[in-house]
Amino acid sequence: MSEGFKHLFIGYLFLLINIYIVVDIMPNFIGYILISSGIAKIAAEGKETMRAQLLAILLAVYSLPHFFLQDQVRASYTWGEYYDLGYALLQVIQVYFLFVVIQSVFTSLAAVKLSKITNKIGNWYLSIHLLSLFTMTLIINTLGMLQVTFLFIMSALTLIINIVFIIYLRKMQKRTVKSITIDNLV
Amino acid sequence: MKAKWFWGAISIILISWLGNTLYYQSKQLKDPIILSSYINIISDYERTFSIFYLTNKGENMEAMSLRLGQETLYPLGNDSYFGEMGNYVASSYYTEYIHHYLKKVDFNIDEEQLAYLKSKKINANKILMEFSGHRSLNANIEHFEIHNEPRSIKSDFSSRSVDNIGNVTEDVQLLEDAHMKKLELPQEIASLYKVNVGKSGEGAMTPIEDQSWPMDVKAKERIITQYKRKSKVQPGKYIDADILMPVTNKKNKEMGYVFHFRSEPSLTQRQVNQLVYDAKEESK
């Protein structure tokens, strides 16, 4: 399980950090492949696990334009706006399924403390991302100054929650060591 | 997060996305809306005037030229190469609205072009404005006339001020004794502005209709002309008119002094919405 969280941690780190030297040297599709393998290592096969994995694979393909094109370049294309909103939507759904998977694992292990932390982080992460998505749908019908303000606030909030999420995955990796026992999780 | 809350939020986002996209699309213009202009030029040398147009924010519709009969005028600053994606930017945006920009584009007519345009009677309805993408539209110029400059009376100090609600004050000091004849205003200005005239130091200004003409002006006296807007609503129209103040000097020679009256459009969001609505209705 610890190995699974390690994959998730590195995978989401790839999504968070984008460094372009001709192309993205920390490509998102690699991140999603790691996320998919991380999910497989955390949970047994099941409906939710399969959905989370499938979405990660779908996103690995969908995120290919990120590898070649920076955010500003994508935004300059007519399709950029729709593409980015679709990407953000799929991403939040994928994370939702991931939280469902993690939550069900901790519940089955009766790891109450970790389950509570996961629930709390999940609620904050999803709420902020959903609010950000909702804001994205509104900004096309607002004035430029308002757009900048909205984007700044939402970007800052999502950045903070993404960092919190990565720290959470790192902590889970440390706490769910290979020789996992129910005792040290409770 | 509970599944029903999550999927409920996703549904709201999708509905909002669809609704906002449709609303945004409904506000997009197929062609720019060129605001109506009134241009009256009294000049023998060169003259600059502007054209204002509304264009979609998300699309680069740049004014490329203005065709007046055989003459083609190019926007000032057309040779500058900047702007997003390396496009030529001739017009800076003047006012930002939710879905549109009101853009201003300046044109300059040089001495040679002025002479040519004076010799040809230009039909204002046939003046065309060309936009990027080879789109050619009627420039919506209601009146376009160019007149010869009269012999100018000696004047020294002159100033022009516009307050924040669009009232204009012209002030000129004459350097010789003169008789000022009745100020004949173009109907365009008379319908929009109440005009008062007077001399500095005389206190109250008199409406031009009530003023006794000719008005005797002594050397060094200042003539003040005030244009006060009749309506609180700013007209969505550009008026650039040279107004001739006809005078005779003490030798009874016909002379003149030319005021440059300029009123730039200032639209509210509601006026823009109405213009967009009208343009869409018209194109149906």
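Every residue number used here counts from 1 along the chain in the order it is shown.
Any Cβ shown, glycine's included, is placed from N, Cα and C.
As the structure is a computational prediction, the values presented were derived from the model and not from experiment.
Here TrEMBL flags A:12-40 (among others) as transmembrane segment.
For A:52-69 (among others), the entry in TrEMBL reads transmembrane segment. If you look at the transmembrane segment (A:52-69), the same-chain residues 6 or more away from its ends with a CB under 8 A from one of its CBs are 18, 23-24, 27-29, 31-33, 35-36, 39-40, 83, 86-87, 90-91, 93-94, 97-98, 100-101.
If you look up TrEMBL, you'll see A:89-112 (among others) marked as transmembrane segment. Listed as Cβ neighbours of the transmembrane segment (A:89-112) (distance under 8 Å, sequence separation of 6 or more from its ends, same chain) are residues 1, 8, 15, 35, 39, 42-43, 46, 48-49, 51-52, 55-56, 58-59, 62, 118-119, 122, 125-126, 129-130, 133, 165, 172, 180, 182, 185-186.
The transmembrane segment annotation in TrEMBL covers A:124-144 (among others). Long-range Cβ contacts of the transmembrane segment (A:124-144) within its own chain (Cβ-Cβ under 8 Å, at least 6 residues beyond either end) map to 81, 84-85, 88-89, 91-92, 95-96, 99, 150-151, 154, 157-158, 161, 164-165.
Among the features that TrEMBL reports, transmembrane segment is placed at A:150-169 (among others).
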